[in-house]
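Asker: In case it helps, TrEMBL gives these features for our protein:
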SIGNAL    1-18  signal peptide
TRANSMEM  34-54  transmembrane segment
TRANSMEM  74-95  transmembrane segment
TRANSMEM  101-120  transmembrane segment
TRANSMEM  127-144  transmembrane segment
TRANSMEM  164-184  transmembrane segment
TRANSMEM  196-212  transmembrane segment
TRANSMEM  232-254  transmembrane segment
TRANSMEM  261-281  transmembrane segment
TRANSMEM  287-305  transmembrane segment
Amino acid sequence: MQWYFVAALLTVLTSSQGIWTTLSQSNGKYKYDYATIPFLAEFFKLSVSSFFLWKECQSSSPPRMTKEWKSVRLYLVPSVIYLIHNNVQFATLTYVDPSTYQILGNLKIVTTGILFRLVLKRKLSNLQWMAIILLAVGTTTSQVKGCGDAPCDSVFSAPFQGYMLGILSACLSALAGVYTEYLMKKNSDSLYWQNVQLYTFGVIFNMGWLVYGDFKAGFEMGPWWQRLFNGYSITTWIVVFNLGSTGLLVSWLMKYSDNIVKVYSTSMAMLLTMVLSVYLFNVRATVQLFLGIVICIISLQMYFMPVHTLVELPQTLPATAK
């Protein structure tokens with residue numbers, strides 16, 4: 001399976017996440033406990049990975065699996081980072097509005113490139129750095145509202161703490177992605193074995209979050225497992241399947257491609273979601289959206305196309321006879 005096919009599929013699935021989530025609402029509200037969605041998605045990913053790992057173990061050449069605790073415990077780290085990141089997200093939204101938060105979130109594109117270089121020691125060309133910065137500019141441009149829609153200075157009017165938390169959130173998101181790629185590529189273990197370790201901790205932490213929510217609410221609605229599927233519809237199950245499938249594709253990219261491909265896939269998915277929202281939810285198309293799409297396409301070309309197709313190299317002149 002080629003990485004660009006996986007990236008395209010990831011783009012389609014990611015772009016439909018917000019749409020399916022919106023369609024799962026009833027009169028603008030969730031009838032189900034949305035905290036159960038990540039838990040079920042992690043459980044889905046763990047189940048699928050366990051099945052394929054079992055199939056691999058039944059084959060004539062069993063997969064390579066490192067079972068020492070000093071290796072297994074490393075898979076705990078991404079779950080801890082994502083748990084901290086989720087809390088930082090909520091804290092950031094107490095200081096900034098959702099539009100500003102989205103714009104600050106685009107910093108993860110640049111921070112991913114920086115950590116990609118520092119942690120994984122992967123060298124990027126100057127042209128690729130320019131492409132990554134252009135991608136951040138393009139996604140930001142598509143999200144900025146015009147002066148007729150909102151005050152032009154709204155992005156710069158948030159408290160200082162909001163910007164610091166937004167930057168921290170972007171760094172944590174990038175760190176989790178880069179660290180996961182490091183885990184996936186540090187040895188030749190089976191992808192499914194690595195997934196089983198990663199998603200086992202994911203299930204445990206999400207279960208812990210549900211228990212914490214019960215304690216915080218004083219068990220007013222009973223324990224979480226008794227209302228796990230309350231309010232679920234076919235659309236809600238599609239959200240769970242979509243989120244779980246997206247995670248499996250991301251792990252494949254982390255193993256066989258890299259974080260930059262994932263960043264481009266999710267950025268293009270965001271733009272595709274905005275375009276689809278124009279037709280599905282009567283969201284007004286803007287010049288900023290059009291310009292953002294153009295800039296992101298240029299960035300995509302700059303990063304992945306061979307240099308000789310972007311720049312006309314001088315022809316080597318034949319040596320003159322003496």
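Positions of Cβ are set from backbone N, Cα and C atoms, glycine also.
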Asker: Would the transmembrane segment (196-212) count as touching the transmembrane segment (287-305), i.e. at least 3 C-beta pairs under 8 angstroms with sequence separation of 6+?
Answerer: no
Asker: If I count Cβ-Cβ pairs under 8 A between the transmembrane segment (74-95) and each of 127-144, 196-212, 261-281, which range comes out on top?
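Answerer: So the stretch in question is 196-212.
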Asker: Hey, which of 101-120, 127-144, 196-212, 232-254, 261-281 has the most Cβ-Cβ pairs under 8 Å against the transmembrane segment (164-184)?
Answerer: 101-120
Asker: Among 101-120, 127-144, 196-212, which stretch has the highest count of C-beta pairs below 8 Å with the transmembrane segment (261-281)?
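Answerer: Ranked by Cβ pairs under 8 Å, first place goes to 127-144.
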Asker: Determine which residues of the chain contact the transmembrane segment (232-254) at the Cβ level, with the cut-off under 8 Å and only residues 6 or more beyond its ends counted.
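Answerer: For the transmembrane segment (232-254), the far contacts come to 1, 3, 6-7, 9-10, 13-14, 16-17, 20-21, 23-24, 31-32, 37-38, 40-42, 44-45, 48-49, 177, 180-181, 184-185, 191, 194-195, 198-199, 261-262, 265.
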